[in-house]
Each structure stands twice: as C-alpha cells, then as structure tokens.
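One structure is given below, encoded as structure tokens.
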Amino acid sequence: MAALHLLLPPHILSGHGPPPLLRLHRKPSPLLHLLPRAAAAATGASAVTTAPSDAALQNFRRWLSTHRADTGAAAPAAVPEGLGLVAARSLPRGEVVAEVPKKLWMDADAVAASDIGRVCGGAGDLRPWVSVSLLILREAARGGDSLWAPYLAILPRQTDSTIFWSEQELLEIQGTQLLSTTMGVKEYVQSEFDNVEAQIIAPNKDLFPGTITCDDFLWAFGVLRSRVFPELRGDKLALIPFADLINHSDDITSKEPCWEIKGKGFLGRDVVFSLRTPLEVKSGEQVYVQYDLDKSNAELALDYGFTEWNSSRDSYTLTLEISESDPFYGDKLDIAELNGMGETAYFDIVLGESLPPQMIPYLRLLCLGGTDAFLLEALFRNKVWDHLELPVSRDNEESICQVIQKACKSALAAYHTTIEEDEELLEREDLQSRHLIAIEVRIGEKKVLQQINDIFKEREQELDDLEYYQERRLKDLGFLGDNGEIIFWES
C-alpha cells in the first residue's frame, strides 16, 4: 500500500529541511530587552510592536545620507503595515526609488570584514544566514558603536510570522501544514543555535560578552526571513537597509524584477543595490512590490506574517513515498528514478487548479501489485511510465482513490473547526491579525483537501467506465472491438 504523508516540507534559508518536531524553548531574551522598541516589520510583515520614534527615523535618514545612499525618491514612514516607503514625488513606472551602497549591506562580505569574521570563517561550512545572524546580534550588542546602529534601531522585535507565535496562538493552526512547518523551522533554528553557541559564541566571550539565547537567534533569523529579497537568499544572502522597508501588494502581478545590483562611479567600482518601482506612484503614496507570486498563504504567513484572500495562494502539499516494506520497493524506486522522481515525491495542489500531471502516474506506481505487478518486470522498464499515465486496472485505480480519500478525511479531522465555522469567524470585525492569519490558512488548506477528496471520490464512481491496460492491449492486438466486444478470428 502507498505511504501517504500530508506534510509540507519546510523551506528555509539554507535549503535543507529541518526535522518535523520541536521542543519549545521559552527562555527570556536579555538581548532583545536591550534593543530599542522598533517599527512593524517592513517587507510586509504585520506590526506587533510600536513604531520607531520620529527621532529614530530622522537618525536613520541622516545615516543613509552620510553614507551616500541615494534615497531621495522615497522616505521611510509609518504606514498601515507598520513601516514602509512613501514616494517623495510622483514616480513613473520603473523609476529608481533608492540606490544603497554595498558598504551598508549586511552580507557575507560584511561578516568577513567585521571583528567576528575570523571566528565565523574558521567555523567550517557556516551557512550564510547563520553568519549574518551572528553579525546582526553582534552589532546589536555594540549599540551606538555599530556602523548599523541607526538601522538596527528601527528593526522590529517581532512580526506576525508564525515563528513568533505563542503556544496558545499556535493552537489556532492545529492540524495545518503551517503548524508542522513552523515547528520544524524552529527546531532547525534551535539546532543551528546549539552548534554556533558551542563553536563560536561560548569560546569567544570577548566578541559576544552578553547572554545570547536561542530567542535572540530566532529573532535574527526572522529579520532575515522577512526582509531579504527572495533572489538574495542562499549563498547570495544580503540584508539591504532602506530597500527592505518596501511592502508587498497583491495588486502587482508582474514577475519582472524590480531591482538590480550594478556598478556606479569611476569604472563602475562602487556596487549599489538599485530598487525600482514596478508601478506608477503618486507623491505621498506608498511604493510597493510583489514579494513572490508563487508563495502559498502558509509560506507568506511563515515568512512575513500576512496572508492574502486569494484562492491561488491556497495550496496543500501531498507527500507520496515508496515504502521500504513494499515487496517491489527496488523495482518501483528504479522506475521512479528513471522518470526523474525518487523515493519521495512532493505535489503542490492549488485550489481551483488541476492535479499535477505526474501525481496520478506516481500514485499508480505506488499502488501497483497483485496481478498488475508484471508491469514492474525489466521487460517493461522503459515503457512502464507510459502505461502508468493511463488506468492500469480497476483494482489499482480503486486503490489510489481510496488511499487519497482516506488520507484527506484523516487530515480534515485534525482541524478543530470546519470550513463553515471558519467562514462565520471571518465575518467578525474584532479579529486580531494572528487569528485572521490562522483562519485564512486553515480554511484554505481544508478547501484544497476537500477538493482533492472530491476529485478522487468522483473518479471512484467512474471506475466501470474507464479503459484499463488489458483492454487497451487487446485492442492493439485486434482482439477487442471499439465497443468492448471480443473479436473471434476463424480460419
């Protein structure tokens, strides 16, 4: 029988998935207590702290000007999202909003040039987000002596990202893939913190004199997760002050890049991050960009702390796996690998859209057995996938229908509310931002699960009308007519 796991594989900065469970650590965070009260998260995350003072914003603007950042087209200001960029004049589409010099970026080069560069460089293969997180924490601890002090002073201490939710708030996403992903990410961050605490922080108290906890490290992770442009993750990870204040708008549907890294000055030696507006903006209006059209609501909630009321953002990931206990495990794995797949396959199903084309053939492969097992023989190895793209047998097709329906019903039973109850909750006007996120994520997941269940329920009712492998084979040999009648050949 196929192994079906309804889990969302976490996406994180390093590209390596964290474990699925988490031990919640709720230690107090001395470092965060010392940080200035900050603005709501830029880059679209919702506010859970007070906005920075006018003095802090003025100091930030002076800092940008002192270091020759070209930010005259827009200014940081308090906006409904928390903190954002407001046009200082009317800007046509494609107009440069800001150019931030590389010396202000917080990236791997900044780490290498800092006083923690020697210890980060000597710690083996340290992931970029880990080293930049340590830089953020080190510079935050330095206070006014840090180059980035005016910038750090306006950073939020939390966002509405689910990694900052309390245990009580996380109960609102009980049963969702978002919960398992959130827990996995937090355990992953904990694991990375345990490593750097032992290898870097503890042995170098001269560089990290204060107490740094996992909550501090999670805060730095959250800063990067919510503020780094998606294309600047991984090895290219860079936190760009000022540019990271720009907020998201679902009205922008273009995938055209709104920024570039380019050279300026004599022979183009001065590297800058150039940010452009993707739309025409009037003076006094906020400048927006599109973060990522392909992210689901669960991903938006995890990364930034907001969701969209948009069915194309509602998705569910089916994780299918060839069981090692399957007597045909080796043959099935070989077939999967020959067709660009593996022991485990992830299929993202979006509300209102068709199933991924490879999903049904992979399901048929997982459920293949009994009298259909002959298709796994080496003789069919190069053609078996073509056969799997069409119904194999009634038993096989019935198996995939029942497996999926059973899994969907089990997943739906894990939620503590129904779709109808969530729809009633959405009509309330007193919903807090995190409660709203929870409702929109879980209602979206449930609708997709119901959609998947309905597809296979309907398919199960059509089993008698489908044409299977043996019938197709007999037709090819001329032994079966178009209406299913057996043709007898007489001498």
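A Cβ is built for glycine as well, from the same backbone N, Cα and C atoms used for every other residue.
Heads up, TrEMBL stuff is auto-annotated, nobody curated it.
The domain 'SET' annotation in TrEMBL covers 64-292.
Taken from TrEMBL, the feature S-adenosyl-L-methionine binding site covers Glu81, Gly82, Leu83, Arg227, Asn247, His248.
Sequence-distant contacts (6 or more apart, same chain, Cβ under 8 Å) of Trp259 (substrate binding site) comprise Phe229, Ala243, Phe273, Ser274, Leu275, Arg276. What TrEMBL lists as substrate binding site is Arg227, Asp244, Trp259, Tyr291, Tyr304.
When the binding-site residues Glu81, Gly82, Leu83, Arg227 are screened for a C-alpha within 10 angstroms of the C-alpha of Tyr304 (substrate binding site), the residues that qualify, in sequence order, are Arg227.
Considering only the binding-site residues Glu81, Gly82, Leu83, Arg227, the residue whose Cα is spatially closest to the Cα of Asp244 (substrate binding site) is Arg227.
Checked against Tyr291 (substrate binding site) by C-alpha proximity, the binding-site residues Glu81, Gly82, Arg227, His248 yield His248 as the nearest. When the binding-site residues Arg227, His248 are scored by other C-beta atoms within 10 Å, Arg227 scores highest.
Counting every protein chain shown, the number of other Cβ atoms lying within 10 Å of the Cβ of Tyr304 (substrate binding site) is 27. Residue density at Leu83 (S-adenosyl-L-methionine binding site): 25 other Cβ atoms are found within 10 A of its Cβ, drawing on all protein chains shown. Looking at the residues that bind substrate per the record, Arg227, Asp244, Trp259, Tyr291, Tyr304, the two CA atoms farthest apart are separated by 20 Å.
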